[in-house]
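What Swiss-Prot annotates here:
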DOMAIN    254-596  domain 'PUM-HD'
REPEAT    277-312  repeat 'Pumilio 1'
REPEAT    313-348  repeat 'Pumilio 2'
REPEAT    349-388  repeat 'Pumilio 3'
REPEAT    389-424  repeat 'Pumilio 4'
REPEAT    425-460  repeat 'Pumilio 5'
REPEAT    461-496  repeat 'Pumilio 6'
REPEAT    497-532  repeat 'Pumilio 7'
REPEAT    533-570  repeat 'Pumilio 8'
Amino acid sequence: MDQRRGNELDEFEKLLGEIPKVTSGNDYNHFPICLSSSRSQSIKKVDQYLPDDRAFTTSFSEANLHFGIPNHTPESPHPLFINPSYHSPSNSPCVYDKFDSRKLDPVMFRKLQQVGYLPNLSSGISPAQRQHYLPHSQPLSHYQSPMTWRDIEEENFQRLKLQEEQYLSINPHFLHLQSMDTVPRQDHFDYRRAEQSNRNLFWNGEDGNESVRKMCYPEKILMRSQMDLNTAKVIKYGAGDESQNGRLWLQNQLNEDLTMSLNNLSLQPQKYNSIAEARGKIYYLAKDQHGCRFLQRIFSEKDGNDIEMIFNEIIDYISELMMDPFGNYLVQKLLEVCNEDQRMQIVHSITRKPGLLIKISCDMHGTRAVQKIVETAKREEEISIIISALKHGIVHLIKNVNGNHVVQRCLQYLLPYCGKFLFEAAITHCVELATDRHGCCVLQKCLGYSEGEQKQHLVSEIASNALLLSQDPFGNYVLQYVFELQLQWATFEILEQLEGNYTELSMQKCSSNVVEKCLKLADDKHRARIIRELINYGRLDQVMLDPYGNYVIQAALKQSKGNVHALLVDAIKLNISSLRTNPYGKKVLSALSSKK
């Protein structure tokens, strides 16, 4: 008994000496792990240093033996299979993480029988498994599975090929695209394809052998890979080919990637060396970024025959191209090099339908092309047609973010032809346009380009609505523009419209600017009347402490003179205590001290 206990202690000490060797990483066999069984040339084998399977099994099984694990055979309904496609570093069959006596390799099995750990086991072994547990005198033989990696690869390849054929049967137009691979000139199409290697032959966690999926290694040890990949995850999910751009293809991505490669087919224009090669395809080139630039280079050569050929192919689509992100640039270039007859055809084409020119002018791309038409129009007939097409939607055009630029270009290039209908629209819809973000800009342009009676009527209409416009975020700019025209009659009319409301107007954001402009540009008589109204109205203290009103008082101090200035200073001093405790009041006191 003592001798037996001594032997067990010796074996336990031996086991303690064995365990550090298993986990230290020093005694690992040097063997490569292949990321894929594919025949692709881009597959790289990376050396992995893994612990020997036999070392793990022997050490931990013996630990179970000596630490009181019950001597019985766990029940398992599954027979033992050894997958020949994967071997451990020592070329022994893989041993699974679950301790099952019927999953032990033959050497370990006999060793456990010798120490009495597996008594009477022969009755639980099936006849098919007895070949793995032979007596010592007979050599071991491995069960060789009839299924090889090549069979698995071929099966996966055929399944993926069938999916592709089904997809192509639903989308027959892709068959033509595939045939382009055999054409000498292959720059017609550019689409992303899966690598030419058989990526469908990679290890898949769903289709692979169930026994292979159960194999596991300590992830911490597997992280010692020389690659920048988590090797444990690569083994678990299957690894694939590393493509030319460095992307790692995994098996569970292949079907999706193939579908994406078919769906992402994108038609690219053919590259042409001369305009003759592009005959019949000008319309499509005009709508492509590179094709449009190619055609513009042809225009730069100013060859009449080439211009005529391009013109004839796009004239029927001219309105569409004018609103195209790339085509509009070609139309602009065409208008610079075409002759008068061709330009007239373009004008007729874009005005043949009512409202078509308005639609193009309001388009973010079309507005540039229409402006170019306005700039290049020379004949009175052309100008008349353009004006007739624009006049019915002029108010909408003026208020549009893109269309207002066309109207401004008309004022710049088509006067006096367009003056009448433009100024009439401005006068009739003065308040509507003046209070619009874009309309106020066009109205100021109209004031700048108008002359004589037209200008007088327009200014008078604006001045008569001065009180309303002064309080509008956009109308106040139109009113200030009228002040800057320095028309005395217009200034007096505006001052009369605002009189009696200066205190209220001074404490509003928009109208306070108008009051400052009045103090600056009014004559001494009207300036004095404004200041007296501010003092005598009884709310000067509120105006001085107001975020906007304090600027009006500062302007009054700066522009006033004589008795009016003295009255204003005295009124300010009466509120000096409240001004000192208010940030806006301090600004008034600062202006008062600087005036001295």
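Keep in mind that glycine also has a Cβ here, set from the backbone N, Cα and C atoms.
Each residue in the repeat 'Pumilio 4' (389-424) has a pLDDT score, and their mean in this model is 94.
For the repeat 'Pumilio 8' (533-570), same-chain residues at least 6 beyond its ends with a Cβ under 8 Å from one of its own Cβ atoms are 499-500, 502-503, 506-509, 512, 515-516, 519-520, 524, 527, 578-579, 582, 584-585, 587-588, 591-592, 595. Counting residues per DSSP class in helix, strand and coil order gives 29 helix, 0 strand, 11 coil for the repeat 'Pumilio 3' (349-388). Secondary structure counts, DSSP: the repeat 'Pumilio 6' (461-496) has 27 helix, 0 strand, 9 coil. With DSSP states grouped into helix (H, G, I), strand (E, B) and coil, the repeat 'Pumilio 8' (533-570) comes out at 29 helix, 0 strand, 9 coil.
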